[in-house]
């Protein structure tokens, strides 16, 4: 009897997913989704090249900048680095860690469901298990030590995307395919707020927030290397996101969930829509990939903590440095895990990251940095092009921030803490 009640509760919770957000995201995707993805790719590719040029310029002047907030301090003044860019970057990266821990927990739960019919465990328990894995990975000392993990992340991202795309196409053409409904539900206000939320989420597709930190790891001479790296990066990102987004929306329409793997798991008769081995493989790829990504985005948090509590004049593996590093890195992972378990709303977290972090750092500030550093003619296209881009995305960022906070409030009224979604 208790098992039946638990299943009914899980079904009820899943049926109360934030429809406003889904409708808005689908509205953007249905009407101009591909255009939004393409525009975001073009703007961020351009902005990252501007950042690289500014970094090269200051390095040639003898002021090598290793962090985003260093750039803001040199270009705009110390207040901008300390009170604006620093906190935003910290929030973006830590939010990405929370989102990765939540997604890792969801992947573990999917693996559990595929191999165990009792379904006695809750999502928050899988989030905690993934958080324990993160405790170990978090001890990797620096960005340079992550190069092999980054390569593995690239391979896993391609593997996951191939599986997800193939799975969507297979399901869309099978007899088990759900009815394809591409209509958008909800009132006009919900559509507007939902579409703004979706734009914020799309910003996270290409948002990075740590370009200066990445360029700082490249051996001299840097010129030309960042452009080659960006070309490879965008080739991978556009291939993976376009293939998964378009095929998933084609297969599931307005029933597409926050992560496409949730659509693969069961149909109305609680049977997997794909062979078990495909689902297992895809979820393992996802699990390993988000583990790698979360380690990368934990580094700015680690750097901020260790700058305050470690001694850079002695060896990094001395007890004086190892003990604070172990304690504070473990503490930051524990807090992120607790937040992910308490508020398991992946779409909402992504929207907040996009509005408050990715849009300011990746769509606005690079144009400002370039104009202030190189001072292009105010009569020229370059100056006004940068200004227009920065202005448009500033407005979108403010509106997206309002929309994302609204969605969190709505979901907080719908769910209890530690919801099993």
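Residue 1 is the first one shown; counting continues down the chain.
Each residue, glycine too, has its Cβ placed from N, Cα and C.
Any TrEMBL annotation is an automated prediction that lacks curation.
Per TrEMBL, the listed range annotated as transmembrane segment is 123-143 (candidates: 123-143, 186-206). Annotated range for transmembrane segment in TrEMBL, selecting from 272-298, 299-325: 272-298. The transmembrane segment annotation in TrEMBL falls on one of the ranges 62-82, 83-103, namely 83-103. In this chain, the transmembrane segment (352-374) lies apart from the transmembrane segment (231-252): fewer than three C-beta pairs between them fall below 8 angstroms, excluding pairs fewer than 6 positions apart. Note on the transmembrane segment (326-346): residues 18, 94, 97-99, 101-103, 105-106, 123-124, 127-128, 130-131, 134-135, 138-139, 258-259, 298, 301-302, 305-306, 309, 408, 411-412, 415, 417-419, 421 of its chain, located 6 or more positions outside it, place their CB under 8 angstroms from a CB of the stretch. Most Cβ pairs under 8 Å to the transmembrane segment (381-402), among the stretches 34-55, 83-103, 123-143, 272-298, belong to 34-55.
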